[in-house]
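The structure appears right after this line, and notes come after that.
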Amino acid sequence: MGTRDDEYDYLFKVVLIGDSGVGKSNLLSRFTRNEFNLESKSTIGVEFATRSIQVDGKTIKAQIWDTAGQERYRAITSAYYRGAVGALLVYDIAKHLTYENVERWLKELRDHADSNIVIMLVGNKSDLRHLRAVPTDEARAFAEKNGLSFIETSALDYTNVEAAFQTILTEIYRIVSQKQMSDRRENDMSPSNNVVPIHVPPTTENKPKVQCCQNI
């Protein structure tokens, strides 16, 4: 298989959600283009970028969507979540309010996205450790309680950015491939594929055969 961008085995849509200013756009640009913009302004509307990675010899193309966390853009919610198989729920470790709003974002995600979506809680801007307002253990406990994976990242110095996307994409791939194997097994076990002939021995009597069925 070549390395062209249009050659892939799986295409996974992953959305970035969270308050405005937590660094979603820089996480996107750092992972897909290895770029960081210190003067990055809030995203207006929606944008997405792609990058392909290898998992178990398969090419996974990630289509990562980013939208503004500002309330006035929430009208795009339904289209934004449609088809998403993964979500990074991002907060700023130096701004406790962005962490407090995680619960609301999680509810919105579960209201609009597929029930099987894979969710990772991401504490971004870990380089601001001297300004930390959200303890790591507190966020990790919240993630465990709500069935989310958890990681802290820094788009500025690239800490754990690769790991965050690799982890969620690998988890999605495992779920999808296991489902495909399960579906294949079910198909193999279906009656049409497992027809067992039943041989009825002939009767010794010369009675005429009954051609109809009778309810008892």
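Yeah, the Cβs are placed from backbone N, Cα and C, and that goes for glycine too.
Looking at 36-47, 48-59, 144-155, 192-203, the stretch flagged in Swiss-Prot as motif 'Switch 1' turns out to be 36-47.
Feature annotation (Swiss-Prot): of 7-26, 67-86, 87-106, the stretch labelled motif 'Switch 2' is 67-86. Cα separation, Asn26 (GTP binding site) to Asp66 (Mg(2+) binding site), rounded: 10 Å. Each residue contributes its Cα atom, and for Ser25 (Mg(2+) binding site) and Asp127 (GTP binding site) these two points are 17 Å apart. Across the motif 'Switch 2' (67-86), the model assigns an average pLDDT of 73.
Residue environment of Gly23 (GTP binding site) contains 23 other Cβ atoms, counted within 10 Å of its Cβ in all protein chains. Asn26 (GTP binding site) falls within a helical segment according to DSSP. The separation of Asp66 (Mg(2+) binding site) from Gly23 (GTP binding site), Cα to Cα, is 10 Å.
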